[in-house]
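In TrEMBL this protein carries:
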type	residues	note
BINDING	B:CYS292, B:CYS372, B:CYS389, B:CYS429	[4Fe-4S] cluster binding site
COMPBIAS	B:481-491	compositional bias 'Low complexity'
DOMAIN	B:283-453	domain 'DNA primase large subunit C-terminal'
REGION	B:463-508	region 'Disordered'
Amino acid sequence: MANEDYNPACLPDLLPLYYRRLFPFPQYYRWLSYGGVSKNYFQNREFCFTLKDDIYVRYQSFSTQNELEKEMQKMVPYKIDIGAVYSHRPSQHNTVKSGTFQALEKELVFDIDMTDYDDVRRCCSAADICSKCWTLMTIAIHILDRALREDFGFHHLLWVYSGRRGVHCWVCDDAARKLSVAARSAVAEYLSLVKGGEDTVRKVVLSDPIHPFIKYSLSVVERYFPQYAIVEQDILGSKESVDKVLAPLPEDIKKDLTTFFQKVKNPMERWEELCTLVEHKKSSSKKGGQYFDKEIMLQYCYPRLDVNVSKGVNHLLKSPFSVHPKTGRISVPIDLKELDTFDPFEVPTISLICEELEKPRTDEVEDEDMKDKENEQDAGERRRIRDYKRTSLAKYVKVFDNFLEAMTRSRKGEMLKKSDLQKDF
Amino acid sequence: MQFSGKRKKLIGSSQNDLYGHCLQFYGQPPLDNISLAEFETLAVERLKLLKTVENLGVSYVKNSVQYSKKLEAEFTSLNFPLRTELGDQKVQGGTSEYEKRRKDHISHFILRLAYCQTEDLRRWFIQQEMDLFRYRFNDLSSKYKTDFLHKNNLKYETVSAEEKNILKDKLINSSYGLSGITVEEYDFYKVPFQDALDLVRTRKVYLLAGNAYIPHSEIVTIVLNDFRTRLSKALAMTARSLPAVQSDERLQPLLSHLSHAYVGQDYSIQKNIGKISLEQIDSLSGKSFPLCMRHVHKALRENHHLRHGGRMQYGLFLKGIGLTLEQALQFWRSEFVKGKVDADKFDKAYAYSVRHMFGKEGKRTDYTPYSCMKVILSNPPSQGDYHGCPFRHSDPELLKQKLQSYKISPSGINQVLELVKGMHYQLACQKYFELTHSVEDAGFSLNHPNQYFTESQKLLGGGRDIKKEVEMSQKGQENPSSMSRPSQESSKQAHEEMGDLDSFFQDE
């Protein structure tokens with residue numbers, strides 16, 4: 001993903017400015033403190049900094065927002081990862097008796113990476129993405145977001161663009177953060193349909209009855225499949241990719257289709273014929289329950305999760321608002337209301353927002369400068385808020401703000417409920 | 001038997017109450033006095049039972065007809081209780097039902113002592129005990145199931161008729177073998193999804209807003225979850241009071257031997273360290289590597305890269321066959337730099353994990369090579385992965401092609417595929433061994449990739465006699481270290497017993 005305005009060599013010059021004036025520390029601290037309900041929640045959280053030349057500094061932890069700020073401004077990490085909340089302060093993990101230092105809680109996280117779709121993408125491979133294959137991420141978010149909310153009953157989901165080729169999901173509900181390893185892996189497996197590695201041809205197998213979750217997911221995939229897979233990816237366009245699509249089908253259908261494809265070149269007609277044949281076979285066979293067409297759709301479009309990332313409580317995941325060192329893009333929260341128009345190439349790079357900051361400011365703010373004097377303490381913070389508001393980062397911080405606001409509201413609701421209950425006694 | 005200080009509180013609850021049902025949650029420890037000899041026999045027999053549970057779980061679909069049949073046979077032969085009522089003791093001269101239940105009870109508690117010490121042991125014990133419990137619970141008639149719930153005071157929230165009606169279609173589509181009528185007729189239970197993970201994982205229940213809707217036929221899952229929670233807590237408690245038990249020098253060696261028995265050999269200690277040169281690996285991979293390792297090796301040579309799962313599985317295997325840390329570093333580096341990774345990147349991103357495998361970084365655990373069970377059951381390969389068990393994780397068609405390319409005869413391939421179809425992956429691999437080594441009968445039971453390698457090397461390096469010698473010398477080395485006080489009468493007896501136990505596990 002080349003972009004004209006960012007040059008990786010400039011990163012060391014831009015990062016100090018970013019951490020000094022743009023990184024949304026107050027919101028970030030507010031997020032990871034979770035209302036301060038359980039003690040030391042922020043203090044016992046692991047951060048991992050990646051410095052120049054891929055030097056990893058694990059088990060960083062901070063007691064206050066101020067300390068985090070100071071440290072980040074001092075160390076200027078190229079990348080920031082967030083780990084678990086531990087039983088002790090991670091920075092002191094060497095001083096506690098071995099075995100007692102344990103990861104206790106973490107958000108339930110999901111990592112969807114475009115490289116995992118390499119066998120079903122024709123536009124790009126590996127770390128490259130384009131607006132065509134980005135549809136896969138859109139589909140993934142639609143499917144997983146619904147399931148996590150409706151099936152699992154979670155409310156506080158933060159979807160984040162990773163800055164390069166994928167998306168992350170942070171499920172932040174209390175219940176999600178407390179899940180055991182077994183529960184995390186069960187959730188991840190419930191959500192996984194595409195199974196098997198390089199040696200598996202048919203990676204999705206459906207059987208009767210089709211679970212409601214799969215039905216919902218199919219309805220999403222069906223909405224995108226014709227335009228995305230048949231037209232844009234043109235999976236029935238060339239010999240090679242046709243072979244791949246047909247590989248999981250039973251021999252008789254494969255034979256009929258090969259003959260048909262010799263006459264008909266239009267991909268959409270080809271796909272319709274495939275569906276007709278599968279349907280026909282299903283109605284004629286007594287067994288029923290053969291869903292080859294649906295399996296193909298899922299194999300090509302269904303979200304592919306890195307289960308290992310979701311499973312481990314102590315697994316690290318790149319933090320929101322961290323910069324991707326290769327692309328320079330900021331890891332920003334995605335507004336689900338505008339998911340279908342989200343364009344990863346529009347996400348601001350660090351160069352862009354730093355440049356925006358340097359532009360001469362209009363005089364809109366003199367008024368506020370006066371107020372600052374009344375409250376010296378907040379002055380610094382306010383200046384920073386004004387700073388990011390002048391850049392294209394603003395709209396993404398707003399998304400983050402809304403997410404935090406919703407969490408605070410529901411926490412207050414919970415507390416009211418609890419105190420009401422107590423009054424009853 | 002005095003396991004803990006709780007003993008006094010429990011006086012008064014009569015034994016008959018304790019054994020009122022053939023299945024129990026093991027809530028109360030046994031209070032009898034038993035001889036050391038009986039202590040040992042009971043423990044060994046339960047261990048045999050659990051070991052059978054484990055093996056059957058790998059070879060058969062759990063709770064399939066064959067699985068149940070074999071397990072039932074084991075119950076009968078070891079005299080553990082199954083489904084009979086306390087009253088109807090028809091067996092003349094055999095072990096009475098009361099005795100069986102007592103045995104079930106006491107032996108469970110002995111193994112708790114042996115298996116509470118480490119995370120690994122606890123996990124293994126809980127897993128086998130759960131499988132055992134599931135089998136026994138499923139085997140009960142519905143009257144006894146209800147009876148069991150009643151006796152143990154297990155109450156779960158049922159779904160109202162109204163709600164069932166609204167969700168009817170979804171409930172039908174979420175579970176096998178349900179129809180509209182059965183949904184109306186049977187109870188559904190609503191529990192937090194965390195309490196029914198096995199059903200959630202396999203999508204066998206309907207989920208709504210964090211609750212799993214469990215049909216009555218699957219109630220075993222919730223009961224089992226309860227069982228797991230209790231057992232896991234109990235093991236943690238037991239671990240805390242263990243020092244008191246371990247100070248008893250009659251029990252200590254026994255318990256530690258019991259707990260070491262479950263894994264068999266772990267192939268971590270190698271006499272042949274450094275006996276393999278890097279140049280040999282290519283030719284060895286064709287001759288003596290099991291298919292899984294041959295396959296990752298080939299993928300590594302072709303792609304000059306392996307993802308994490310592959311590096312772990314293959315790296316530990318190589319360590320097991322005798323590669324030194326220096327060799328391993330050289331091996332991985334030289335291959336990776338042929339690909340996209342330069343030497344600098346390798347040293348930063350990958351060398352750490354190689355040293356980690358050898359216990360030189362992080363927690364400094366000296367990791368052991370993966371067993372077949374681990375390769376088959378955990379961390380299945382996904383996109384871009386080449387690890388896993390080819391018999392388990394490859395499409396049969398591709399497996400067939402691969403075997404053809406390795407010049408296996410068509411009839412041999414069919415035999416292998418037949419075993420794969422029956423999900424006997426380890427037997428399939430063993431068949432592959434026999435075919436590639438041109439022997440009728442491999443003469444061992446395969447459960448570890450490194451075992452495959454060792455056996456292959458023995459076979460290629462000369463006749464069977466060498467193998468026996470090696471085994472003898474291994475045994476000679478093992479026993480004295482675990483049993484260091486043969487002077488005492490009781491432990492001498494234990495020694496003999498455990499000689500049997502050793503051979504039992506080696507036979508497996």
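Backbone N, Cα and C define each Cβ position, glycine as well.
TrEMBL feature annotations superimposed on the structure.
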residue	record	DSSP (3 states)
B:CYS292	[4Fe-4S] cluster binding site	helix
B:CYS372	[4Fe-4S] cluster binding site	helix
B:CYS389	[4Fe-4S] cluster binding site	coil
B:CYS429	[4Fe-4S] cluster binding site	helix
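The residues near the [4Fe-4S] cluster site, meaning same-chain residues not in B:CYS292, B:CYS372, B:CYS389, B:CYS429 whose C-beta sits within 8 angstroms of the mean position of the site's C-beta atoms, are B:PRO290, B:LEU291, B:VAL375, B:ILE376, B:PRO390, B:PHE391, B:ARG392, B:TYR425, B:GLN426, B:PRO449, in sequence order. There are 27 other CB atoms within 10 A of the CB of B:CYS429 ([4Fe-4S] cluster binding site), with all protein chains counted. Between the binding-site residues B:CYS292, B:CYS372, B:CYS292 has the most other Cβ atoms inside 10 Å of its own Cβ, all protein chains included. Listed in sequence order, B:CYS292, B:CYS372, B:VAL375, B:ILE376, B:TYR425, B:CYS429 are the same-chain residues six or more apart from B:CYS389 ([4Fe-4S] cluster binding site) with CB atoms under 8 A from its CB. Averaged across the domain 'DNA primase large subunit C-terminal' (B:283-453), pLDDT for the predicted model comes to 89.
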